[in-house]
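Comments concern the structure below.
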Amino acid sequence: MLPLTEENKHVAQLLFSSGTCPRCILRFCGVDLPAPYKHPSKELLNELQKFLEPEKPELILEAPNPPLKKIRLHEDGIDNLSEDGKEGVSVTEDESMAEKPSKLRVCNVCLGILQEFCEKGFITKVCQKVEASGFEFTSVVLSVSFPPQLSVREHAAWLLVKQEMGKQSLSLGRNDVVQLKEAYKWITHPLFSEELGVPTDGKSLFEVSVVFAHPETAEDCHFLGEVCRDCFKPAKNKQSVFTRMAVLKALSKIKEEDFLGQFPCPPNSPKTVCTVLEVECTHGAVFVAGRYNKYSRNLPQTPWIIDGERKMESSVEELISDHLLAVFRAESFNFSSSGREDVDVRTLGNGRPFAVELLNPHRVHFTSQEMKELQQTINKSSDKIQVRDLQLVTREAIGHMKEGEEEKTKTYSALIWTNRAIQKKDIGFLDDLKDLKIDQKTPLRVLHRRPLAVRTRAIHSMKTHYLDEHHFRLHLKTQAGTYIKEFVHGDFGRTKPNLGSLMNVTADILELDVESVDVDWPPALDD
């Protein structure tokens with residue numbers, strides 16, 4: 001039984017006679033229970049036809065009296081009893097039987113979406129494509145894109161029903177109509193879940209996107225472009241100005257009389273159903289974090305390409321991410337880290353925290369043992385880098401790497417050269433300097449990628465180790481973001497004070513190592 005009342009009968013008949021499908025009729029009658037929509041289309045059609053059939057006049061005749069018209073004998077004995085218990089027969093006029101079309105008409109509102117494209121057969125075909133895509137997933141979210149002209153047709157049907165109900169002193173608000181996407185979700189989500197064996201979840205990282213089109217009615221929206229020009233502005237990456245949001249905006253602005261003067265109400269019946277343009281599977285990004293050591297003084301952190309020409313054969317990013325890309329079967333990646341070192345700087349100690357965002361990965365489930373094996377594979381592939389603490393993390397956890405980045409500290413070891421001969425006593429005062437404030441203009445070497453500014457940084461402590469008349473080793477603990485090379489040589493006076501000005505010499509840096517990046521992330525793992 002359909003959850004429709006006598007009050008709905010006139011509207012249902014009006015829509016049905018204009019070519020609207022049973023499920024859309026339920027929507028316009030405000031049926032907001034999922035269960036009725038889930039019945040098969042043909043079953044709903046039969047139920048609707050029964051609901052709309054005129055009541056059959058039934059005459060209870062005395063048995064001895066002959067019937068005056070063609071009679072229908074009911075096999076059910078209870079139906080053949082009159083009110084006083086006497087046996088009787090019911091009489092039905094042939095003319096009162098509603099005609100039942102042998103073939104389903106394409107709905108003039110949903111263009112077949114709620115007819116052919118939410119039945120089990122269609123869902124099975126979509127799920128076959130999903131399973132063939134090779135993605136790992138434990139839940140799924142279904143995303144559907146309907147042709148924008150459906151909104152125009154729905155608006156026309158709503159105006160039709162609203163006018164009809166107004167004649168009965170009843171009202172129908174736009175929000176009283178169950179949304180097409182909502183009804184589609186009620187029907188298809190349980191079928192998808194059953195077919196794929198996983199729950200449907202609006203927050204799932206795995207998305208199945210189904211895009212519908214209906215070329216036959218593609219011009220339904222075009223009159224809105226003339227009436228509401230300001231709603232349809234060309235946008236980049238959009239094949240048509242008639243997007244769903246633009247159409248909805250125009251429909252909210254257009255006057256009823258203007259709409260009715262431009263578009264048929266009820267909408268005309270199409271000859272064809274919608275077509276499926278594509279079924280696409282995508283998986284949200286997954287994130288891998290760890291720490292890396294860099295042992296080469298001839299390796300950039302990221303690919304070094306100038307004017308399309310590669311300057312170095314590899315990079316830290318590639319040596320790590322290429323392995324992750326292959327194992328996770330991802331389409332691409334984004335690499336980030338807690339700071340960066342120059343091509344000629346080593347990163348020692350516990351390494352530098354890094355994270356890799358893997359986009360549209362096909363494989364996403366890894367045990368801790370599998371992550372250890374992946375780490376070993378990366379480490380065996382090159383003697384220029386090593387990684388540790390390799391682990392899967394959440395998007396939110398990536399924020400810990402960047403939190404308070406400039407308040408963090410880093411320690412360095414630098415080999416210093418001076419232009420004039422020095423003695424051990426000439427560098428001893430540096431050990432006593434604490435929290436030295438320096439002002440650094442953006443270094444000349446990075447002006448091409450960072451804005452010009454003066455940044456105040458802190459040298460928290462220094463420790464010296466004398467080597468010979470022109471060399472000593474300097475250990476520094478600094479505020480993150482300090483340019484160490486510029487602190488040593490002064491960058492033509494752009495860093496003040498600098499090591500040269502403090503010692504009254506010309507100083508330069510020959511070697512630099514990062515000894516620690518004091519960020520307590522990602523969590524250390526047992527080897």
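Every residue gets a Cβ built from N, Cα and C, even glycine.
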**Study point:** Swiss-Prot annotation of region 'RNA binding thumb loop' - which of the ranges 232-247, 248-263, 440-455, 472-487 it falls on
**Key:** 440-455
**Study point:** Feature region 'RNA binding forefinger loop' in Swiss-Prot, mapped to one of the ranges 78-91, 162-175, 302-315
**Key:** 302-315
Study note, to complete from the structure: In Swiss-Prot, of the candidate ranges 42-87, 318-363, the one given as coiled coil runs 42-87
Practice item. For CYS24 (Zn(2+) binding site), just count the other CB atoms lying within 10 A of its CB, please. Key: 26
**Study point:** Residue pair CYS110 (Zn(2+) binding site), ASP342 (active site, nucleophile) - Cα distance, angstrom, rounded
**Key:** 60
Revision key, fill the gap. Taking only the CA atoms, the spacing between ASP342 (active site, nucleophile) and CYS21 (Zn(2+) binding site), expressed in whole angstrom, is 67
Revision key, fill the gap. Same-chain neighbours of the Zn(2+) site, Cβ within 8 Å of the mean position of the Cβ atoms of CYS21, CYS24, CYS107, CYS110 and not counting those residues, run in sequence order as THR20, PRO22, ARG23, ILE25, ASN108, VAL109, LEU111, GLY112, ILE113, LEU114, GLN115
Practice item. Taking the Cβ of CYS107 (Zn(2+) binding site) as the reference point, list residues of the same chain whose Cβ is under 8 angstroms away and which are at least six residues distant in sequence. Key: GLY19, THR20, CYS21, CYS24, ILE113, LEU114, GLN115
Practice item. Kindly state the mean pLDDT of the region 'RNA binding thumb loop' (440-455) in the predicted structure. Key: 94
